[in-house]
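Chemist: Mind looking over this structure? Questions follow.
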Amino acid sequence: MSTTLLSKQPLAKDAGSDSSLDEKGSKADVSAGAIPPLGAPVDAVAGNPFTSMFKKNTKLDLDAIATQPSVFDDPVSLEAYRPPPQYENTHRFDPLARWTWREEISVVKKIDLRIMIWACIMFFSLDLDRSNISQANSDNFLPDLGLTTNDFNLGNTLFRASFLCAELPSQLISKRIGPDIWIPCQMVLWSTVSLAQFWLNGRASFLACRFLLGFMQGGFIPDVVLYLSYFYTKRELPIRMAYFWLSNYIADIVSAFLGTGILRMRGVGGKEGWRYLFLLEGIATLLVGIASFYLMPAGPTQTRKWFTEREEIIMVNRVLRDDPSKSDMHNREGLSIKMIWDAMRDWRLWPIYAVGLVHMMPVGPPQTYLTLSLRNLGFNTTETNLLSIPSVVIGATMLLLTAYFSEKVDSPVAATVILQLWALPLLVALYTFERSTSQWVYYAVVTLITGFPYVHPIQVAWASRNSYSVRTRTVSASLYNMFVQAGAIIYANIYRKDDAPLYKRGNRTLIAIASMNICLYIFAFFFNKYLNHRRDKTWNSWTQKEREEYVENTKDVGNKRMDFRFAY
């Protein structure tokens, strides 16, 4: 059920399934010893310490060859997939390069240390500025500015709308000038807007700042996802995405503690505590943004000598062997209008976009209104901020467990439908509550709802895998996130003032959406399964010569290739 490129196997095989072919005399009749031996295909645990923690008795010969079979091992497909001269890492490409598991694990750990950790720090900063509005709400933010719940909803809608509008333009700018330049620029811009919220004075300034903050932050996540894909294989990316979003949860926990302390500054200089919250956290993000100009290398071979030549060869060749399409474009090469339009018309990815639109709707409103709900239950500012922490801890735990489950079953659909199955019974329970229900019972159920398994990282990686080309991946990452933000705009308006405080009408809507989503995931599963089945039927009907001619001469690119199989 994982993404497969049949050409990675010897071309002389007949497809008996998505990823295996029967051997029958290949055109690549290479004499023994003409090319160095390859490593045996394994269930990759190298460079994946999280997975290996849960795998007992996993024995890996660290000095065995780790180089995996690929299209570069056959003369025909080698020339069809050879990286073009304009690819920034071409000088490190070597189809005869071999390395051991010991070397690969060492390189991946070094990438994690140099690249992944800083990506998490940047995302931590984004979430600090994006979600501190929740802590501000616990400090009488709305009454201080004379705002209503509907004004708050409008502000969230403007934030999401501007975030959505900026997604694709931001991704295109990033592709043109490089994410190592554009991402730090984004951070400096949005942190300036964030700290400027210290001077909010009413409805107009609140709405303006929410719009600008969303516009400046839009595109950051798909930019980073594309950037990380330069360094990691498709098997490594989902768990790294889980680590990436874990920083989001850590930011929520840290911001709750920070909010508890900073909000006590209310009265200092005659100012409200939430003003200092925006100011101090905005300054912190500004410093991270400035540092990012120096701590983000452009690519695997442009790392300011962080890696040796040998390590660069391993980085480049292991990623290209996993996904040859990553050499399609230079990392500072822009997209034409035709490329963008072709990527948008790729109907094979539309079910993933549909899932992106609706998957967060059942849990989004309870999460957004958590602090306001706790205040309505009678908890004070300090209690509200501290009581929001358990749901974050549960959510972070479920994020990692779901990512691990995704690795084990190797099925994006099976791993992501869990969110809907988690939310549905809890929403039904929430719908039955009355005003007489114990505040602690209400708190327990809402905490479980907002501690949902966050499957967004798995779906981001799913969209990336099924794109199978840099140009499509660039656009699909933005389109997927645009659908996610569109969904957030919709669910930001499900809970209305006239439905407070129990939101019976809103919860009834959320139950219906969760039920619909389960059906949508089932459809996505069989949709991709059918595409693979149809391609298998065509591929298996071809002779060996016809397959070789196709690989050598086809004009099909990305996931349109007949030898590509979709993940589901």
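Each residue, glycine too, has its Cβ placed from N, Cα and C.
TrEMBL labels come from automatic prediction, so no person has curated them.
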Chemist: Of the residue ranges 187-204, 439-456, which one carries the transmembrane segment annotation in TrEMBL?
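Modeler: Feature transmembrane segment in TrEMBL: residues 439-456.
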Chemist: Any idea what the model's mean pLDDT is for the domain 'Major facilitator superfamily (MFS) profile' (115-532)?
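Modeler: The answer is 88, the mean pLDDT of the model over that range.
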Chemist: Same-chain Cβ contacts of the transmembrane segment (413-433) under 8 Å, 6 or more residues past its ends?
Modeler: 1, 355, 359, 362-363, 366, 398, 402-403, 405-406, 441-442, 445-446, 448-449, 452-455, 458-459, 462, 502, 504, 507-508, 510-511, 514-515, 517-518, 521-522, 524-525, 568
Chemist: Counting only CB pairs under 8 A, let me know which of 211-230, 242-262, 274-296, 439-456, 507-527 has the most with the transmembrane segment (347-365).
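Modeler: Ranked by Cβ pairs under 8 Å, first place goes to 507-527.
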Chemist: What same-chain residues lie close to the transmembrane segment (507-527): Cβ under 8 Å, and 6 or more beyond its ends?
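Modeler: Sequence-distant neighbours of the transmembrane segment (507-527): 351-352, 354-355, 358-359, 361-363, 365-366, 413, 416-417, 420-421, 423-424, 427-428, 430-431, 494, 568.
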